[in-house]
Amino acid sequence: MRDELVWIDCEMTGLDLGSDKLIEIAALVTDAELNVLGDGVDVVIHADDAALAAMGEVVTEMHSRSGLIDEVKASTVDLATAEEMVLDYIRTHVKAPKTAPLAGNSIATDRAFIVRDMPALDSYLHYRMIDVSSIKELCRRWYPRIYFGQPVKGLTHRALADIHESIRELQFYRRTAFVAPPGPSTSEIEAVAAALDEGKDAPGPSDSASAPPTG
């Protein structure tokens with residue numbers, strides 16, 4: 001059974017949907033085991049000088065350091081072309097529309113810009129999303145040792161590199177926070193479900209987030 005995930009990361013001139021511009025989008029498709037399929041796609045989208053001049057100081061410094069501003073100025077790719085390039089790659093590995101969830105970090109922000117600027121791409125994706133940031137936040141509360149032990153991110157603020165880091169982060173959580181394959185037995189699952197139905201606390205590990213992790 002095929003069960004792909006579509007990983008997307010966007011770089012924008014800011015986070016305001018009313019005024020900011022989408023200036024880079026990258027995509028990678030993985031299988032259910034988080035193996036990357038193909039080379040992916042990374043597209044820098046042209047924006048005019050006025051849009052770049054309107055960026056805040058922090059965003060300007062970030063995109064200058066990464067080299068993205070110079071690439072945006074030099075790019076001749078518009079939004080429609082970028083959307084088709086991303087869809088061409090995704091369709092190579094995800095044959096049926098509305099079957100593959102969107103995955104990434106804080107992915108709702110990226111999806112909002114995709115909905116606004118790339119409706120055909122949004123329509124091809126499943127409505128469900130897998131947000132690695134949600135797992136991060138749960139680990140911070142439930143398993144702080146895992147949270148504080150996660151791999152250091154490069155923070156390049158370039159779309160394709162950020163996707164690779166998000167995939168690596170989910171691989172880390174899978175090996176540390178999730179039950180090892182093949183998972184609990186049917187009887188163990190039934191016991192947890194029954195306990196929750198009865199309003200009881202289901203048995204499980206504890207790892208207080210109120211203090212730095214030990215051991």
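Going from the start of the chain as shown, residues are counted 1 onward.
Glycine too: its Cβ is placed from the backbone N, Cα and C atoms.
Annotation comment: Swiss-Prot describes Tyr127 as active site. According to its DSSP assignment, Tyr127 (active site) is coil.
Positions annotated as compositional bias 'Low complexity' by Swiss-Prot: 202-215.
What Swiss-Prot lists as domain 'Exonuclease' is 5-170.
Positions annotated as region 'Disordered' by Swiss-Prot: 196-215.
Within 10 Å of the C-beta atom of Tyr127 (active site) sit 10 other C-beta atoms, taking all shown protein chains into account.
This prediction places the mean pLDDT of the domain 'Exonuclease' (5-170) at 96.
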